[in-house]
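Presented below is the structure to which this report refers.
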Amino acid sequence: MEQFGVRNPAIELDSIGLGAAASVRYNLLESHLYEEAIRRREADLTAHGALRALTGQHTGRSPKDKFVVRNAVTEDQIWWDNNKPMSPEHFALLHKDMLAHVHGKDLFVQDLIGGADHDYALPTRVVTEFAWHSLFIRNLLIRPERSALESFAPKLTIIDLPSFRADPERHGCRTETVIACDLVNGIVLIGGTSYAGEMKKSVFTVLNYLLPERGVMPMHCSANVGPEGDAAIFFGLSGTGKTTLSADPTRTLIGDDEHGWGENGIFNFEGGCYAKTIRLSAEAEPEIYETTRRFGTVLENVVLDEHGVPDLDDGSLTENTRSAYPLDFIPNASESGMTGHPETIIMLTADAFGVMPPIARLTPEQAMYHFLSGYTAKVAGTEKGVVEPEATFSTCFGAPFMPRHPTEYGNLLKELIARHGAGCWLVNTGWTGGAYGTGRRMPIKATRALLAAALKGDLDKAEFRIDPNFGFAVPVAVEGVDSAILDPRSTWADGQAYDAQAAKLVQMFVSNFAKFEDHVDGNVRDAAPGLRAAAE
């Protein structure tokens, strides 16, 4: 086996059973990965210098094909209602077969870090058969100093082989696609999918398992900080606006998707961003748009015209087109990936029913209720089979990535909010004037103006009304924002139709939360939307 590149000679791939590979290239830089990806016809060079790759049939995550090894340690730690179990025996067979599958192949290795706070960092080795996957994960995770690579010792190893096909009967999985996580031994196996986001979310899943035991709250959120050190976090599922809204030229970006909240404050799990690019424009999102035109960026499933120019309006391959780039491609990004404790917590939802206001103030109890509920819409393309938005509840705003029971994360969040006095807001980036199909998407300018008012403290002086359906406080007027959209009922042509839709959503909240009621105190239960009306 030929081996190239900077690495720790004590932990080369033959030491973990991958010695049958023809060659291994360790920690290649961007230019070399470009060369390999283009030479191997894995990807195309765009007119502006980015690398474009296509992922075939899998243009989003495959959550139904993700498994966690169930053993004596994880038996009582994992929320098995939400995580599919795989036996240690099936995992061992899968591992053995994937090791055999690399025979004669060229492999690429990146040694990276998950977690900007050194106290909680997870050294991660990612082994891929595609050069573009190696560039993708190099962009997304934190890159150690080159001098540190010779002594690098991973605590997590990810093996990603898209050409491998799992055998459901032999490997205890569902299809030929598999994402299998051995959380105790720090191994993740990915096969049968080229979608690069599986690697990133596997690191997130492992951190979400490890960190709560150390008193750290792992979060599916973006984060930024103002010039006065006023940090903010933005919870939300894919496509609800985490990346867009946290890329604010007046504030320093900490990260766009995954963070921890520990003793030292907020820290990014990653060193890059994975932004949705469908219908991205230079006018609305100039900083993110500019990343699509840079050397080093990976464009995933973006259509190119005959001149190699990306057409960001073309969703013919998928609505889930993406740009993966290092965090320092954003002009005002944090170099450290860390900041202090947040003063403001934003919970983003894309309300497909069009009945929620664009912003609402939450009490600490309401914040925990809405965190555990995780109401939003699955937005087209982020998961296989989702073609248009549909209402869903994804607890902790990231159920697919949360191995432990939601109340474990919810109680941690509640404790941290109480300790540090953060203000909490619910922001709807979804629909107004009607449900999806008849209404329109909330104007991003209005959302930005409302967020700015909340972050600056301007809303503290505003007049509020209590929403009759959801019980939270909604500002009556905000400077620079059309007051009509602050009252969602007034934006509907038919007020009675709004009332019926709102009542339907309230009942969905109540029904969904039933599974958590025995795990929370009475104050949190009483924070339910329309609780009295629902009980009557």
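From the backbone N, Cα and C atoms, a Cβ is placed for every residue, glycine too.
Pulled from Swiss-Prot, these are the features on record:
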BINDING   R61, Y195, K201, R322  substrate binding site
BINDING   K201, H220, G236, L237, S238, G239, T240, G241, K242, T243, T244, E285, R322, T447  ATP binding site
BINDING   K201, H220, D257  Mn(2+) binding site
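Feature map: Swiss-Prot annotations on the structure.
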residue: R61; record: substrate binding site; CB count, 10 Å: 22
residue: Y195; record: substrate binding site; CB count, 10 Å: 26
residue: K201; record: substrate binding site; CB count, 10 Å: 24
residue: H220; record: Mn(2+) binding site; CB count, 10 Å: 26
residue: G236; record: ATP binding site; CB count, 10 Å: 27
residue: S238; record: ATP binding site; CB count, 10 Å: 27
residue: T240; record: ATP binding site; CB count, 10 Å: 25
residue: K242; record: ATP binding site; CB count, 10 Å: 29
residue: T244; record: ATP binding site; CB count, 10 Å: 24
residue: R322; record: substrate binding site; CB count, 10 Å: 29
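All protein chains shown were included, and the count of other CB atoms within 10 Å of the CB of D257 (Mn(2+) binding site) stands at 27.
Taking CA atoms as the reference points, K242 (ATP binding site) and D257 (Mn(2+) binding site) are 7 Å apart. Here the Cα atom of K201 (substrate binding site) is found 17 Å from that of T240 (ATP binding site). Comparing CA positions across the binding-site residues H220, G236, S238, T244, D257, the one lying closest to R61 (substrate binding site) turns out to be S238.
Note on proximity: of the binding-site residues Y195, G236, T240, T244, R322, the one nearest D257 (Mn(2+) binding site) is G236, by Cα distance.
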